[in-house]
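Heads up: the structure comes next, in structure tokens.
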Amino acid sequence: LIANRSFRRNSNMAPRTQLEIITSSVLRLVKEEASYHRELQEQTERIRKLESQQGGDENKEYMLRQERLALEETKKVLPSLKQKLEESIAKLQSLLTEEGKKGPESNVEHINAAKDAISKARTAEREIA
């Protein structure tokens, strides 16, 4: 019963808008993608170190196979993650256009947060490329 309370929103708070939800999604996906790229670098470095070690014991070969397998699995995740991010950015841009059409009723804070999220996503894209 107590655990369920932590998931309830304060009744005085307005429900989150689609703009807020998709903005959060874009930011989460940017962080997730960065994490996978860091993991790729770390796995590549571990493989390089294992390959440079002298001796060819079974444990080294096993560790190399495991690290290479993990590296391939990480590489497989990136294309679908990138696609999800691009789809979320496109949806966010569409929602930004809709919000902008509201004129004085539009939520400037949400618009700025969405633009910032898109900017962070594009910056991360350039850094990865």
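Backbone N, Cα and C define each Cβ position, glycine as well.
Feature annotation from TrEMBL assigns compositional bias 'Basic and acidic residues' to 99-108, 117-129. Look at TrEMBL and you will find 99-129 tagged as region 'Disordered'.
Within the chain, the compositional bias 'Basic and acidic residues' (117-129) has long-range Cβ neighbours (under 8 A, six or more residues past its boundaries) at 23, 26-27, 29-30, 33-34, 37, 85, 89, 92-93, 96.
Helix, strand and coil content of the compositional bias 'Basic and acidic residues' (117-129), in residues and according to DSSP, is 12 helix, 0 strand, 1 coil.
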